[in-house]
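Features as listed in Swiss-Prot:
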type: REGION; residues: 1-20; note: region 'Disordered'
type: DOMAIN; residues: 51-348; note: domain 'USP'
type: ACT_SITE; residues: 60; note: active site, nucleophile
type: ACT_SITE; residues: 307; note: active site, proton acceptor
type: REGION; residues: 374-449; note: region 'Disordered'
type: COMPBIAS; residues: 394-403; note: compositional bias 'Basic and acidic residues'
type: COMPBIAS; residues: 422-434; note: compositional bias 'Polar residues'
């Protein structure tokens with residue numbers, strides 16, 4: 001189960017900025033696309049970078065974050081398809097609709113020098129005209145977009161699971177294995193994530209930091225593990241592995257710490273291409289390749305000062321530095337030498353996606369600046385059901401075999417256990433592994449409390465045979 005946070009709503013009265021005008025030749029292309037009823041977008045096509053963004057006052061952090069999201073291939077594909085706005089019944093203040101308008105304006109108006117102002121529907125609930133942490137804004141934006149999707153899904157199908165395009169694109173699962181040193185019993189818990197914070201305090205590369213997340217952590221003394229089999233705290237070892245890899249991988253280099261956001265300013269190398277297969281709990285088949293497409297950079301002593309910008313890879317394969325209104329070309333060598341804060345990788349299969357179907361007549365609508373204002377007073381009532389297969393019921397925990405339980409079965413088991421116990425997840429204390437990221441990320445290897453009883457985690461026990 002994915003735990004989504006609640007955030008203050010943006011002011012629905014705020015209207016998004018007007019779009020730049022189309023040139024005559026571009027308008028002709030739009031006419032042809034509308035006639036065909038299909039708008040093609042491929043990251044292999046000569047698609048240039050998005051517009052520069054105005055700095056409205058200490059807003060470089062959100063500009064850099066928005067540029068990284070705008071140039072995320074699977075997210076851009078989904079936004080340009082206009083799928084969400086066609087089923088959204090409450091476009092006023094909807095973060096998905098606001099992001100959809102932002103991405104559409106930015107990517108469909110890419111003449112040199114084009115500049116747009118980020119919609120206040122996207123920024124007003126977070127931005128208070130002072131410098132903030134770009135990573136925090138990223139997570140805030142993704143969670144509010146996720147919640148907007150859930151509202152549409154709940155209205156169309158109240159029994160659907162808490163899944164959304166945001167978690168389909170950015171979401172993955174950790175598998176935590178804990179082995180009791182006393183009875184040798186093993187338990188597994190599965191935790192969702194949208195990004196992976198990396199401890200860089202003692203590493204020189206991102207690969208080393210990823211390897212460190214897999215190192216076994218010894219749970220002993222006051223931090224001993226409560227073993228459900230032994231029914232008391234016992235020494236144990238804990239290891240983390242990726243159970244399910246996301247389409248888009250966000251790696252957060254933990255540069256900031258403490259309430260003042262003091263920065264760890266050290267050079268950490270990162271590759272243009274990354275294979276995640278070695279970090280999977282059940283690696284099968286060939287490599288799992290990822291390609292770097294965006295790098296978010298911070299210059300300064302703390303997260304509350306200095307300057308943010310980013311480098312992004314456009315659809316035609318060229319790199320650009322996006323620094324507020326300035327959009328300048330750069331090469332991959334300079335990109336790999338940046339002092340990165342957040343790295344964005346996309347599975348190469350998703351990088352080479354084909355075209356997007358767009359209904360006939362939608363091209364003019366999304367390019368019309370009045371469309372943005374019209375949406376705020378318009379409610380659409382067509383709904384498309386969103387259902388998920390929850391899987392077949394499983395046997396009770398006492399009858400489980402020693403064979404590892406699947407993730408789908410684990411979800412059902414957890415729901416049955418919660419129903420029997422009458423528990424509510426919001427009343428269960430969360431461990432640091434499940435709590436939202438604080439500044440600079442969290443240490444995923446830090447463990448407190450009884451991990452068998454994690455809220456939001458799916459716990460699967462693997463009993464062992466004992467001699468009489």
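Positions of Cβ are set from backbone N, Cα and C atoms, glycine also.
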Rounded Cα-Cα span from residue 307 (active site, proton acceptor) to residue 60 (active site, nucleophile), Å: 7
Residue 307 (active site, proton acceptor), number of other Cβ atoms within 10 Å: 16
Surrounding CB atoms that lie within 10 Å of the CB of residue 60 (active site, nucleophile), all protein chains: 21
Taken over the domain 'USP' (51-348), the model's mean pLDDT: 89
